[in-house]
Amino acid sequence: MKALHFGAGNIGRGFIGKLLADAGIQLTFADVNQVVLDALNARHSYQVHVVGETEQVDTVSGVNAVSSIGDDVVDLIAQVDLVTTAVGPVVLERIAPAIAKGLVKRKEQGNESPLNIIACENMVRGTTQLKGHVMNALPEDAKAWVEEHVGFVDSAVDRIVPPSASATNDPLEVTVETFSEWIVDKTQFKGALPNIPGMELTDNLMAFVERKLFTLNTGHAITAYLGKLAGHQTIRDAILDEKIRAVVKGAMEESGAVLIKRYGFDADKHAAYIQKILGRFENPYLKDDVERVGRQPLRKLSAGDRLIKPLLGTLEYSLPHKNLIQGIAGAMHFRSEDDPQAQELAALIADKGPQAALAQISDLDANSEVVSEAVTAYKAMQ
């Protein structure tokens, strides 16, 4: 089996690329970073530090790389069995034209073996969004053929991959946590379902997408925002602060109550999942900076994201949400010289006041009780 993976960054190499290569799939990375491309093509291997209770070093081997903006990537799309991405939500639109060209070439060459495309991004139904961009870039006469022969498979991914400490000397070395979760929508595949260790198949993807968003992402963000306010440097330092831990755990329990109502998750199993995530935040090997995790607060405070979406669920089911409110107030305080969104957030609050600013960012009603609760909590943190 042959696969092409867009995005040779830390997540591409340390998570999806590693799972594909470990499964014995012939893997080619596509990227724009020439330093990384050259290193991959010179060595055809790289090291992954897998860190949990202990640290182990795995070697990923037998890999190649091509530029994601050249002709080689188009040729590969015409030949491979699987295309995956880990490029970041914004970049999906940029890689769509190359994918479209490759699909046209595949059709012209008469290659009717099924091709499945899986976007492995931190977003809801990312592959469906990628499909929209690809379809827009396709000529009309290729669209029906693509619908018939190409599967666009949505997925949920979860693995913490911090910036590597050794990035200065080896552009390929990467550190990842032991935990990894890659859940894909089995109803969207064309042809036989793949058997890739570490890839889980489900016919109820949205339950798992929201479980991850409402637990890992919600908890991670709140840990970062409250940690930064308290002067902590890393996620580990922040979650070991008992006051912060109580709010983070409480927020994950509040969002968890929504998931249990909505999807019928088992309460005891979900409590164990929360404990596992708290343990991941404590990982001493992951020097995960609160500023990195907190960045892009406008996106993280938007209606469909990790803070407001679970809050809306608590309103829908008349459930408590006081810890989620604390997290939202913490996010409103996030300041970073390196993050344009943090600066925009500060300017918006200075200009309009916290009430109108939060309403604008989150689409919540400015006169609602929850906005009033969040503003009270925000002011109490000053």
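Cβ coordinates come from backbone N, Cα and C, glycine included.
Copied from Swiss-Prot, the annotated features are:
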- Ala3, Leu4, His5, Phe6, Gly7, Ala8, Gly9, Asn10, Ile11, Gly12, Arg13, Gly14: NAD(+) binding site (BINDING)
- Lys269: N6-acetyllysine (MOD_RES)
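Residue environment of His5 (NAD(+) binding site) contains 28 other Cβ atoms, counted within 10 Å of its Cβ in all protein chains. Of all the recorded positions listed here (Arg13, Lys269), it is Lys269 whose C-beta has the fewest other C-beta atoms within 10 angstroms. Annotation for Ala3 (NAD(+) binding site): spatial neighbours Leu20, Ile25, Gln26, Leu27, Thr28, Val80, Asp81, Leu82, Val83, Thr84, criterion Cβ-Cβ under 8 Å with sequence separation of six or more. Neighbour counts of Cβ atoms within 10 Å were compared across the binding-site residues Gly7, Gly9; the minimum falls on Gly9. Taken residue by residue with DSSP, Gly7 (NAD(+) binding site) is part of neither helix nor strand, so it is coil. Long-range Cβ proximity for Ile11 (NAD(+) binding site), meaning a same-chain Cβ under 8 A and a gap of 6 or more residues, is found for Ala86, Cys120, Arg159, Val161. Cα-Cα distance from His5 (NAD(+) binding site) to Lys269 (N6-acetyllysine): 33 Å (rounded to the nearest whole number).
The separation of Arg13 (NAD(+) binding site) from Lys269 (N6-acetyllysine), Cα to Cα, is 31 Å.
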